[in-house]
């Protein structure tokens, strides 16, 4: 960075990774080969982009910081399979960009990113809501968030984010990355998580994804409260509706005294479907 007279910007959550062995392991975790189109979110100084360019068919980098564009142009000048766009990924039409910028838009599409900690969840949810069928999403994130994404039912890390990911993807924690591997050094450790499209469809079909996500958010609104208390958000002071909601749980053999982290995604889907059928949600 000093070569270009630049400093990391806190406003963009910039922490640059330069350890070549870790960069190579990220490419390996994403299983990138010459058949792949890769979107890199926030290429930064281009260290990971170089590794991606050597492994992938084509790479498109989306960089929000215009001060880094000249750096990327310089660093990536040896590669003719890389395009850097001045874009905010949260506002970008990724489906349109894939059609416009890749020579083979029908090829497998993978996302690789070192995500700013403060917008990890919005970026992930934006990717999952996109119409694009991602073959793999491989992201660096805060270790705490990585543990939540890959948490098992019944653990304290298990929550709404875990379930939102599980609806469409299989999450795997590939490896941890020490805070000492970044410049400037963040206050927490990181981890690489890979998300692949589910190999097995969910056992409960069909379901309205947005409706189930809304129910999950209601149930996890107060983690220390049980399901009966959290579901009061649906019934309010209506005693009959409250009783009907509890009857739905009883019918599904779900204990209303359970906390939300004890329920599997399939149980939330069954609950959401039956509540909807009974005009309760």
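Backbone N, Cα and C define each Cβ position, glycine as well.
Taken from TrEMBL as is:
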- 15, 17, 42, 63, 88, 114: S-adenosyl-L-methionine binding site (BINDING)
- 22-199: domain 'Ribosomal RNA adenine methylase transferase N-terminal' (DOMAIN)
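Summarising model confidence by region, the domain 'Ribosomal RNA adenine methylase transferase N-terminal' (22-199) averages a pLDDT of 94. Neighbour counts of Cβ atoms within 10 Å were taken for the binding-site residues 15, 114; the minimum is at 15. Per the record's binding annotation for S-adenosyl-L-methionine, residues 15, 17, 42, 63, 88, 114 show a top Cα-Cα distance of 20 Å. Under 8 Å, Cβ to Cβ, and six or more positions away along its own chain, residue 88 (S-adenosyl-L-methionine binding site) finds 62, 64.
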